[in-house]
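Peer 1: Structure incoming, see below.
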Amino acid sequence: MNNNSIEYRKLEHLIVCDHCDVEYKKGTLLEDVELIHSGISNCDLDDIDTSIEIFGKKLNAPLIVAAITGGHPKAKEVNKNIAIAVEELNLGMGVGSQRAAISKSYLEDTYSVVRDHTSSLIIGNLGAVNFVEDSWDEEIISKSVEMIDADAMAIHFNPLQEAIQPEGDVNFKGLNILKEIISNYNKIHGKIPFIAKQVGEGFSKKDAIFLKEIGFDAIDVGGSGGTSWAAVELYRIKDEEQKNFSNQYFNWGIPTAASILEVNSAFSGPIIATGGIRTGIDIAKSISIGANCCGTALPILKAALKSSEAVTTVLERMIKELKTTMFLTGCNNINELKSARYILKGDLKNWKDQI
C-alpha cells in the first residue's frame, strides 16, 4: 500500500486521535456562558423532554455523533459501533469524508455499514475543496448520498488542515460554484438538506453570509476547542521544519461558542454546534446561545474503537447531564432551553460586543 494513499491516511488519523494529545490548549469559550440556576426548578426531572426534529427526523436528544471516519477497514468497525449505539438511543450520526470511496469503490462498505445498523439520521460528507480541485459535480453528491442513504449532506471546509497536510489541496478559490452544484442536485435528484461544516476552526459572520447565499440549509460551526487538525497533522509530519510550522497553528480558530454567536447573527437556518462538546452542560449552553443541535466526535471515536456498548455509555452520560442541566434551569423541553436565561462573561462577552 502506498503510504500516501487516502486509505492509509484514514488509518493514521484514527491512530493519532486515539493515542496522541490532539485537543486544543484553549477552550471553546462555553466556559464563559453561565446558565442561571433555577432554585425552584418547577420541573419533574423524569418528564423532561430532550427530543428535537431536524432534517426531517425526530431525535431523542439534540445530539449527533459528528463525522469521524471511513475509508479503511478499521473505520468500518468504528462506524458500525457508532451506528448500533445511535440506533439504540435514536440519535443522529455523520460519516467521515467519502472521498476515499469515490476514488476506490471497494471502500464503500466502510461507510454504507452504517445503514446495516441504523435507520436514524445519517449525514453524508464531502470536501468543499474537491469541487474546485477535482471538478466534482452534483453526480458525485448523488453517489455519496446513495452510498449511505443519507438524510442530509455535509460539505466540509478545512483550509487549515489542507494547508498543513503534506498532501493537502489548497485551492479554495471559486467556491461559489457550489451554488450551482447544490441547485442542480436538488433539481435533478430531489431536495436534500445541505450542511456547511467546519472541522475545528469555526465559521465567522462573514462566512455565514456567504454560505447562506450559496444555498446551504444548515451550518455546523465546527469551532475550536476540541480536536485540532493542525495537531493531528503535526503527528503525521516527518520533517522537523514542517512540524514547527504546523505547531504554530495548534490553537488557531474561532472558539465554538464565539462561532455560534457569529453564525447566529447572520443565519436563520439550523445551527449545529461541534468542536469540544464533551458534556451535557456543553450541549445546554450551546443551545441556549443559539445552536439547534450539537455534535461530538473524539470521545465517541475512543469509545467506538472498543465497542458499541462503550459508545452508548458515553452518549447516555451526555444525555443524562443535559436533562439534569435542563432540570436545574427550569426547562421542560428544548424550546424552553432555547429561551433559558444566561450571562456571558469574559472573552465571550467581549467577542459578542464586537460582532
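Residue positions begin at 1 at the first shown residue.
Using N, Cα and C of the backbone, Cβ positions are placed for all residues, glycine too.
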Peer 1: Swiss-Prot has Ala67, Ile68, Thr69, Ser97, Asn125, Thr227, Gly276, Ile277, Arg278, Ala297, Leu298 down as binding FMN; which of Lys187, Lys191, Lys197, Lys338 does it also list for that site?
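Peer 2: According to Swiss-Prot, the candidate sharing the FMN site with Ala67, Ile68, Thr69, Ser97, Asn125, Thr227, Gly276, Ile277, Arg278, Ala297, Leu298 is Lys197.
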Peer 1: List only the single closest residue to Ser97 (substrate binding site), chosen from the binding-site residues Glu162, Thr227, Ile277 by CA-CA distance.
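Peer 2: Sorting the binding-site residues by distance from Ser97 (substrate binding site), the top entry is Glu162.
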Peer 1: Counting Cβ neighbours within 10 Å across all chains shown, tell me which of the binding-site residues Thr69, Gln161, Thr227 comes out on top.
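Peer 2: Most Cβ neighbours within 10 Å: Thr69.
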Peer 1: Glu162 (Mg(2+) binding site): which of the binding-site residues Arg9, Lys10, Thr69, Asn125 have a C-alpha within 10 angstroms of it?
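Peer 2: Neighbours among binding-site residues: none.
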Peer 1: In whole Å, note down how far the CA of Thr69 (FMN binding site) lies from the CA of Gln161 (substrate binding site).
Peer 2: 15
Peer 1: Measuring Cα to Cα, how many Å separate Thr227 (FMN binding site) from Lys10 (substrate binding site)?
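Peer 2: It is 16 Å, counting Cα to Cα.
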Peer 1: The record names Ala67, Ile68, Thr69, Ser97, Asn125, Lys197, Thr227, Gly276, Ile277, Arg278, Ala297, Leu298 as the residues that bind FMN; what is their largest Cα to Cα distance in Å?
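Peer 2: Per the listed residues, the maximum Cα distance equals 22 Å.
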